[in-house]
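If you check Swiss-Prot, you get these features:
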- 477, 478, 479, 480, 481, 482, 483, 484: ATP 1 binding site (BINDING)
- 726, 727, 728, 729, 730, 731, 732, 733: ATP 2 binding site (BINDING)
- 1020-1036: compositional bias 'Basic and acidic residues' (COMPBIAS)
- 440-659: domain 'ABC transporter 1' (DOMAIN)
- 692-1019: domain 'ABC transporter 2' (DOMAIN)
- 820-869: domain 'Chromo' (DOMAIN)
- 733: phosphoserine (MOD_RES)
- 1041: phosphoserine (MOD_RES)
- 1053: phosphoserine (MOD_RES)
- 1020-1057: region 'Disordered' (REGION)
């Protein structure tokens, strides 16, 4: 140094004397004591500058590389360790360039030097902030390992240091995996066994940051495959047996792509086939093209070559399919990369920072530039991770590192200016076109920026939640966008920076009671609620709240299990009222509510002036009547999701965004459902012939005082379009259950065509799926229809054998004068207008099997066995038209609006409510049913899906019976109404359907339909003769009948009139 630098009264020579004292110390402890004295000296002034300008660090480096004195090398390492440990952050800026010197000391012959080097490396690692690990430490270690002149003990130390980062800085490791994997993989094949073993251990540690649950079980085999290429084939087979359903991010790709690339270079056609399938499946699960930007270029050339040159046609086809998927992802990534405005903004901000600092600092520019580079790298890392915590940008980064150069006040100004510029740029880049900037002078409840993710999927990215007291917000967006997840996150206080429960109290209201079987009395259920007990809500207050929503004193003593879906929802609302929430979160509140109760709910919500409501509902009229504002899930330029705010109800929102018209018109939708044609029913030539009929049926639930159904007679044909209407608890769902055989009436009969297949979607539709949440939708259908019959039907309560049924099998029946015992029904064939069944008799070989008519079996009490056999035969007949293979199942799901990738790869547990309903609808249609029974089908479906379902039902040729409180849906589809009240059913004839609900039918189309309905087919000459002959036969039969038999008005049948 040419001039002395003053440090709190010390000249440069004094610093160098202390350095010499450190080097001359006789013991390790003495070295440490001198090191502490030196650290104290520098901490009193400006360590970022003085450590370098005094020559202290250069002196330590010279001592560390002194080949003649082991004492000096040990003292230098102790000096590094002690000074780093005592100075801490931000001194790492000037110490990081000396990391190679510290690592070199791991190869020293002296054990004490190696131990001191270990202390120095650990001290440096401990003082590094998280951002520096990614921006400086990992690149330094990779560069160090790539240096072929480095001795093997130092490389082992560097590998161990890298491996330790997986636990201390997992995010930094995950972000840098694309560069780490190739570096460590090369070291795994080093000729020095010590380096190879250390690299394998390091790789296992690094791979522990992978969070993909599909890949985690395979990590040991994947690492072993990297180390031992001969295990490649076994590894690929192991991967091919895995169903990938979790989101695939860059860290998982970093591990898999090197192995896939090597597999794509093999000659084995079987291995190539498996590899392209894995590649295709993985790429479909990459949510963001940026995640794959470092890997796609590596795979595309190999997959393209296989698509053109593979020997097997199947492999070429699979490779072509995978190439299409890769190209789509690559195109999206290229489009995003083409927009380099972010890089330009960062470069501009760093240039501005550099100019401002260099203009106002007296520190040598070489040193100042090294500190500025460090700060710029850290700022860029914060920006790329979307971290806009102003304190981190200014106090914890800008002021901390720049104040030694320009003073604290100016450093704060510079860093704040950079933060404001980049934050404003980020907001403009991620802004949503058309979002209304609401300025409301009312009490503000919540105003916070946040992001929302579900599993590995980003639903909302750096958006704003802005709520005012007394406003009622309708949250709208397509199925699966995350509406219910947002409400749950708010209810659980998991939204970033959301006010605490002491400031803002939230209450989530959903269908959580559905499907529960509890015998607790309704009043006890509410009074013993844990949340209400903590609020000291009295039993009388609970009773009053229940009474306010319609529960009489008598009803409050009934068990919860006796309530219909609508009454359970009202029970939830009563609990919410008692919690006195500031924010009421309503997820599909109108599901299962009848018209009267919906009107009550509308009146209640609009009367609450101090409660803010967030409502997710697919009932457009409800949102119109209740909402003061609309929150819309908006797509933006870079495919992130934001919340857009619009004043007014749904009608006002549609005026601003015409593309949202599907909220009003059923066919103004982008979603299309196509139902498979119904199967042929043997012996049914007319669409008006009854195929399912209930006669004088009555049903009472166990322990219930009143009949749910009382002497009901109804019938259905292939042309039926029936809506079952009535208040909550009237018995609508019970009517359906009795009609389709879910339960057996205590009085009366139910006739069902033996070959009739019924597709049934229950009110609690999810109960079909509750036992299969780990399966994908495709796997669920494969399970349900494996073996040639519908397992859901065979598992119904009405199909399970009771003790009485088992006793029935032990009874003998008389056939052809002989008493025999039925062992099984094994066949069926037509017998006149009925059927006869082949019986295997107990204790007799098959050659003694006989055919017994359906009527005899029913008279002898074998109804359940006959019905089960009919169900099996009809299901087998329907499944004869389909192959239970993944390709057909995928196409079937796509026909009902569920994307094929979700059907193949997503577990049912991860699906939204609307997607689960689509799974249930698709599953019940798989065996081509002739009758579709829908209990509340509109629940959980968004407007697009609702429109698609309505059009599919309209165009379907089978019979349909449904329960729905959605008047718009019912009036558009069902000309026949059955009104249920107090167990009685009143049929109201066929009224005209409201075709105005469908925009895709023009006036010309409607005239064609009308003409088609009225046009009668002209009979041929032979058909006229046959008609007259049948009439004469009927007349002769009447003449031969007993005296007094009433003469028919006509001898022609109804079909022949």
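Quick reminder: no glycine exception, Cβ is built from N, Cα and C everywhere.
This view paints the features noted in Swiss-Prot onto the structure.
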residue: 477; record: ATP 1 binding site; DSSP class: coil
residue: 484; record: ATP 1 binding site; DSSP class: helix
residue: 727; record: ATP 2 binding site; DSSP class: coil
residue: 733; record: ATP 2 binding site; DSSP class: helix
residue: 1041; record: phosphoserine; DSSP class: coil
Can you count helix, strand and coil residues in the domain 'Chromo' (820-869) using DSSP?
-> 16 helix, 24 strand, 10 coil
Using Cα coordinates, what distance in whole Å links residue 727 (ATP 2 binding site) and residue 484 (ATP 1 binding site)?
-> 27
How many Å separate the Cα atoms of residue 728 (ATP 2 binding site) and residue 484 (ATP 1 binding site)?
-> 25
Residue 483 (ATP 1 binding site) and residue 729 (ATP 2 binding site), Cα-Cα, nearest whole angstrom = 29
DSSP puts the residues of the compositional bias 'Basic and acidic residues' (1020-1036) at 16 helix, 0 strand, 1 coil
Mind looking up the mean pLDDT for the domain 'ABC transporter 2' (692-1019) in the predicted model?
-> 79
Fill in the CA-CA distance, residue 484 (ATP 1 binding site) to residue 726 (ATP 2 binding site), as an integer in Å.
-> 29
Given the recorded positions 728, 733, 1041, which one's Cβ is surrounded by the fewest other Cβ atoms within 10 Å?
-> 1041
Nearest by Cα to residue 732 (ATP 2 binding site), of the recorded positions 478, 481, 482, 1041, is 478
Find, for the listed binding-site residues 478, 483, 732, the residue with the lowest Cβ contact count at a 10 Å cut-off, counting only other Cβ atoms.
-> 478
Identify, in sequence order, the residues in the chain of residue 481 (ATP 1 binding site) that are 6 or more apart from it along the sequence and have a CB within less than 8 Å of its CB; answer 'none' if there are none.
-> 459, 633, 641
Rounded Cα distance in angstrom between residue 482 (ATP 1 binding site) and residue 1041 (phosphoserine) is 71
Tell me which residues of the chain lie with their Cβ under 8 angstroms from that of residue 726 (ATP 2 binding site), as long as they are six or more apart in sequence?
-> 594, 732, 979, 980, 981
Residue pair residue 733 (ATP 2 binding site), residue 477 (ATP 1 binding site) - Cα distance, angstrom, rounded | 30
Given residue 730 (ATP 2 binding site) and residue 1041 (phosphoserine), what distance in Å do their CA atoms have, once rounded to a whole number?
-> 45
Inside 10 Å of the Cβ of residue 730 (ATP 2 binding site), count up the other Cβ atoms and send me the figure.
-> 22
Find, among the binding-site residues listed as 477, 482, 727, 729, 731, the one whose Cβ has the highest number of other Cβ atoms within 10 Å in the structure shown.
-> 731
